[in-house]
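Following: one structure in structure tokens, then a few remarks.
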Amino acid sequence: MSQLQQFCHNRFSWGLLLLSAIGLELAALFFQYGMDLAPCVMCIYIRVAVLGIILAALIGILQPKVWLLRLVGMAGWAVSAVWGFKLAYELNQMQVNPSPFATCSFYPEFPSFMPLDTWLPSVFSPTGMCSDSPWSWLSVSMAQWMMLGFAIYGVIWLLMLLPALKSAK
């Protein structure tokens, strides 16, 4: 078994994924409560995509030697990374090319069986405008940083895909 395959089959790799996503969620909460930056509905959806990566990592960390759990974890990771990139790209477009006709809603549209904004409004209730870009670092907006983050998640997923899905011999 190759070193990359061994890495994919242990809890440490899934733990790194989990810690990175938890770090992003904590950063989002710091921006919201520490720096008093109001999250928009797209920001909330991006948080949900990061939460999807957390859930995928938790599935993978349960029993990383079991092929089916790795498969489900990898699938959740991929869907969350692609969806998160798409959302961050759309938010970036709203900020770079603002239009009075292309605005985001003030109310998140979560499924009726999972109203996250009702269950945990302090985390999932939007209070800001999508066209606002109140924070940047190195002349890069938060939406652009999230595009980079989700792209990195996607590249790492691609590197881990085949070794993770091969069974141990």
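Even glycines carry a Cβ here, placed using N, Cα and C.
Here Swiss-Prot flags CYS40-CYS43, CYS104-CYS130 as disulfide bond. Among the features that Swiss-Prot reports, topological domain 'Cytoplasmic' is placed at 1-13, 65-71, 164-169, with the record citing sequence analysis. What Swiss-Prot records for 31-48, 90-144 is topological domain 'Periplasmic', and it gives sequence analysis as the kind of evidence. Annotation source Swiss-Prot lists transmembrane segment at 14-30, 49-64, 72-89, 145-163.
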Checking the disulfide-bonded residues CYS40, CYS104 for other Cβ atoms within 10 Å of each Cβ, the smallest tally belongs to CYS104
What parts of the chain pack near the topological domain 'Periplasmic' (31-48), using Cβ distances under 8 Å and only residues at least 6 beyond its ends?
25, 84, 87-88, 90-91, 94, 104-108, 116-117, 123-130, 132, 134-135, 142-143, 146
For CYS40 (disulfide bond) and CYS104 (disulfide bond), the CA-to-CA distance in whole Å is 8
Going by DSSP, how much of the topological domain 'Periplasmic' (90-144) is helix, how much is strand and how much is coil, in residues?
18 helix, 6 strand, 31 coil
Measure the Cβ-based neighbour count of CYS43 (disulfide bond), defined as the other Cβ atoms within 10 Å of its Cβ.
24
Pop the Cα-Cα gap between CYS104 (disulfide bond) and CYS43 (disulfide bond) into the table, whole Å please.
11
DSSP composition of the topological domain 'Cytoplasmic' (65-71), residue counts helix/strand/coil, works out to 5 helix, 0 strand, 2 coil
